[in-house]
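Listed in TrEMBL for this protein:
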type	residues	note
DOMAIN	271-385	domain 'FAD-binding FR-type'
DOMAIN	494-555	domain 'SH3'
TRANSMEM	56-75	transmembrane segment
TRANSMEM	153-177	transmembrane segment
TRANSMEM	198-215	transmembrane segment
TRANSMEM	235-263	transmembrane segment
Amino acid sequence: MPLKNCLIDFAAYLFCPNGWSSSAKSESKRRVSRWKNFFTDKDSRRNHIASEWRKYLVVILYVLINIGLFIEAAWRWHDIIEPVANSLTAFPKEDRLRITWYVTFARGFGQLLNFNSALLIVPTMRTLSNTLRTLKLGNIITLDKNTVFHRYIAYWIVVCTVGHGFFHYLNYASYYFAYTNTQTKVENSFMACWIQKYGITGNLLCLVMYLMYATSHANYRRTKNYTVFWYTHHLFIVFYVLLLVHGKVFWIWFLGPCVLYLFERILRNVRGSEETIVKKVNCLPSRVLELVLEKPRFDYRAGQYCFINCPLISRFEWHAMTISSAPEDEYLHFHIKCAGDWTNAVMDLFNPKQHQTVVIDKPMTPDNKDYLIKIDGPFGTAADEVFDYETVVLIAAGIGATPYASLLKHFNYTLDLEKRGGKPLKIKKCFFYFINRDHGSWEWFSNLLNEMEDHHPEFFELNTYMTGKLKAEEIKKLYFGSSEYQQATGHKQTADVLLRAMYDYTPVSSDELELHANDIISLKEQDESGWWEGTNLTTNESGLFPSNYVIHIDALTKLRENKNRHYGRPDWERDLASVRNYAEKAHTRKGRAKVGVFVCGPPALSKDVYSYSLSMSSPTVQFVYHKENF
């Protein structure tokens, strides 16, 4: 193997967090290659800086503040402790020197703990983040990375805790052994870390941190243990009480964030005190629940999210859910993927018999009362920046389509108004990539996607990808039900042909079939006269209908047949090259065309799209990457 490849493999191994698995190696090699391009290729460096400068600004500022605080505290405490240590003349010089430096480093890490522990709660303040977003400060700081910033501050607190405790333990041990070696009367200095106030609170803080960190791991939190994470994380109250007792000056650092957080909690309680009625529940394929609620008394923008609480399950648990309805809709919609303990409890509450699909109009509790849901929100996301671009790429995997469902509905309303003389939409082209593992997931938003393709084909381009393995029966439906096969066989085989009504049709005779837009029809017979026979699967009625009122649809996705229905994974290099070509031709202003790329899906998908957004940017087109929390 060439030396160059060996070095790349070794670097990939160093960057690899999950060992030598093929996916981890591939991701690590791509990361190494990206950094190599950063230092060797001018265009790659420009694309990277243009995409990430806000993140680097925050990180550099944060690192410089930490370095400055550590140096200041270490310098100050060195000047304080050195005379005290030198006064211990019974100790050897090297012991006095060790004690000086141990205390110096312990105090340096202690000041970092004061700063970072106070800062830790700031990224969790949703109201503050929303206010900054409204003031357009998201153009300077990365507001969408607040959870990531919170997490990395927590990691750094662990490092500072280890450093602070380690040097204090060394200091206590040095005192103990210095007293012993000089045969001086032994003070209980070594036990101070266990029996004194600072020692007791410090060790209790480590225990509380362990419980909070252990239950915060993504693999634990995202399974059926979210409730444990939720309640354990509320040990933060104990954490801060212990810190206030432990650190003499911590209250000075904590006063500002504490006041802001208390104000935040008051606002949350006020906003979340209002209850709204559940008007309808749709149990959709792949264990997805659609909640239809009365609109609360707040305004929201497309793509935003709320925290919802179901008092019948728990009065204290609040869960973030993306709004899937448009601001123009009559009701508020949430699509909830039932994967954890709380979401499964919601499914059991509204669908106790576990029907695969069911529609429940005006659900009532066993004591004949309305189901009530509390809502806190709305809050902004990366989707707020969609309207800054003329060309956007929306990429969703599975239930990650919910924020984009809201956006697409809003686009639909706005474009319809634009045709009637309303305010034009800044966005001129929307490329939507929807990736699913199984065919049941397409039914969540099939009506919306069909409507966008039918009414606004010049604006909306839908690309679907089914990544799951197809069964033999599904392959048969796709092949025999396709319009190409029908034309090749002279329309003789119609058993697997599905159609969708594009318009409403009112029958004028008893043998005709009533149609409503988006009804699915199973075709029985095609006639050259233009009148076909089939069964409306929505009403289960059969009859004749005009062929110009329907279109052929894909048997699995229930979407219009076209070249953009794919089976397998996306080829992002090909797809983004196509988008880039469009953006180059459509761009009429001076400077570089900017294309907004918005992703809501699992981490592997986000990393892939991020890498290709950088590599596929050109001197004329920049892909600007945005990630929704998934």
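For all residues, glycine too, the Cβ spot is worked out from N, Cα and C.
Regional average pLDDT for the domain 'FAD-binding FR-type' (271-385) in the model is 84. Stretch with the most C-beta contacts under 8 angstroms to the transmembrane segment (198-215), considering only 56-75, 153-177, 235-263: 235-263.
Residues 49, 104-105, 107-112, 115-116, 140-142, 145, 149, 156 of the same chain, all 6+ positions outside the transmembrane segment (56-75), place their C-beta atoms under 8 angstroms from a C-beta of that stretch.
With helix defined as DSSP H, G or I and strand as E or B, the domain 'FAD-binding FR-type' (271-385) counts 15 helix, 46 strand, 54 coil.
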